[in-house]
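**Q** From TrEMBL, for reference:
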- H80, D91, H188: Zn(2+) 1 binding site (BINDING)
- D91, E126, H379: Zn(2+) 2 binding site (BINDING)
- R213, N273, R286: allantoate binding site (BINDING)
- 210-307: domain 'Peptidase M20 dimerisation' (DOMAIN)
Amino acid sequence: MTTTQLNQLTHRLETINGLSKGEIGQNRLVYSPTWVSAQQQVIKWGLDLGLQVSVDDFGTTYMDIPGTVHPDQVIAVGSHIDTVAQGGRFDGLYGVLGGLQAIEDLLETAGRPKKTIRLISFSEEEGSRFPDTFTGSKHYTNQKVNLAMTDPDGISFENARKDAVGKLNLPGVTHAKPGLPSTFTELHIEQGPRLIDRQLQIGLVTAIVGQRRFTVTVKGIANHAGTTPMDERADALEMAVTLISELRSRAHELNKNLTFTVGEMHVSPNTSNVIPGFVTFSIDTRYSSENVLDKFEHIINQVVEQNQTTNITSTVNRWAKSDVTHLDDQLLSANQKIADRLGFSSTQLASGAGHDSQIMAKVTRTTMIFVPSINGISHAPEENTSKEDLLRGVELLTESLRQQAY
Ligand code: GLV
Ligand code: MN
Ligand code: MN
Ligand code: MN
């Protein structure tokens, strides 16, 4: 890849990231106005490059260069266009625009491929607006998504979806969901510190941890902060704090590598002089063995059950579960050889973050390429990767696509 191509990749990244200008971090929550503008921009770049663009019912965008010899064999590459709230500049987007850059480089240097190459910009992966994750890749792979689910403002997935997807119907775009590919490759930032700490340039992903997400609802009694005696309160927030701290220690006791995160909490009425009567909080927990996750899920239910009092009741609802995923060995070793040939230092590692690849791996041979995250930071505005590392990831991807499709 030349300096001009690197500049183009950087320029495209900044164009999309510029859509959240003036905000804290990136806020491309699925089907939001910023998400629509981003997906429209990706479509325009694809059309400019002469790719055949289609958009499905969920707003996932597919951009094909049809193969000259085996057009029905599809080598797919891509990632997601959405972000978490106050997210970073590379999570998801790098895989989409890095894929576009690789395709552009291949068209310039090698012309049309023998097999079809398909760039996919998945509509949603993060589970940050609606209570489900990976809805873009789930829809592509024919898994059910609950259309009636609502966001915190009460807007249904179905209504948000219809509205947003209607706006992707640009001239030259077909409305369709294409068939499944023969392979899928996702280029992504590592989102953790392992590569950067060991000064390695490339990570090749062996597996993706299983994850489960829950909402705990605590109902107490709202009352006056000054007149209600301390021993007669049914304080829902105090109970939430007790539950969180007990679960945090139980997780650590069970397995010190099991992750436990409470990232979201709603307190009602959320006023300084009222005892909280109602609280909800999220739990995100992950590990590389189902057995440990099963045990911890049992502990969550048990701890919540054991902490019921006459006036405070708590319930747990699990709304997302994904199993540990093993990625394709052959694609991994092919990429390992390419990385070695290009002189990139690398390691093979499991991913602690969830990815569309774990959904794609259920239906097709799937592999992932990681590049380092500076300071291991992700899902935050400080998320960053050096230009040299962005470049190395795209170069490896380009060679992998060349090997698979030409
Ligand atoms: C999604 O990126 C997740 O791993 O939470
Ligand atoms: Mn991601
Ligand atoms: Mn993410
Ligand atoms: Mn992810």
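Just so it is clear, glycine is given a Cβ too, placed from its N, Cα and C backbone atoms.
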**Q** Most Cβ neighbours within 10 Å: which of the binding-site residues H188, H379 is it?
**A** H188
**Q** Based on DSSP, tally up the residues of the domain 'Peptidase M20 dimerisation' (210-307) by helix, strand and coil.
**A** 39 helix, 33 strand, 26 coil
**Q** Checking the contact step here: among the binding-site residues H188, R213, N273, R286, which have a Cα within 10 Å of the Cα of E126 (Zn(2+) 2 binding site)?
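**A** Correct set: empty; none qualify.
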**Q** Provide the number of Cβ atoms within 10 Å of the Cβ of H80 (Zn(2+) 1 binding site), excluding the reference atom itself.
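**A** If we count other Cβ atoms within 10 Å of H80 (Zn(2+) 1 binding site), we arrive at 28.
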**Q** Might you list, by sequence position, any residue in that chain lying six or more from R213 (allantoate binding site) with a Cβ less than 8 Å away from its Cβ?
**A** G127, P131, T133, S282, I283, D284, T285, R318, W319, A320, K321
**Q** Nearest of the binding-site residues to N273 (allantoate binding site) by CA-CA distance, picking from H80, D91, H188, H379?
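**A** So, spelling it out, the nearest of the binding-site residues is H379.
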**Q** Provide, as an integer number of angstrom, the distance between the C-alpha atoms of H379 (Zn(2+) 2 binding site) and H188 (Zn(2+) 1 binding site).
**A** 13
**Q** Just checking: which of the binding-site residues D91, E126, R213, R286 have a C-beta under 6 Å from ligand 2?
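**A** D91, in sequence order.
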**Q** Suppose the Zn(2+) 1 site is H80, D91, H188. Which further residues of the same chain have a Cβ inside 8 angstroms of that site's Cβ centroid?
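**A** Same chain, not in H80, D91, H188, Cβ within 8 Å: S79, F90, G92, L93, Y94, G95, E125, E186, I189, H355, D356.
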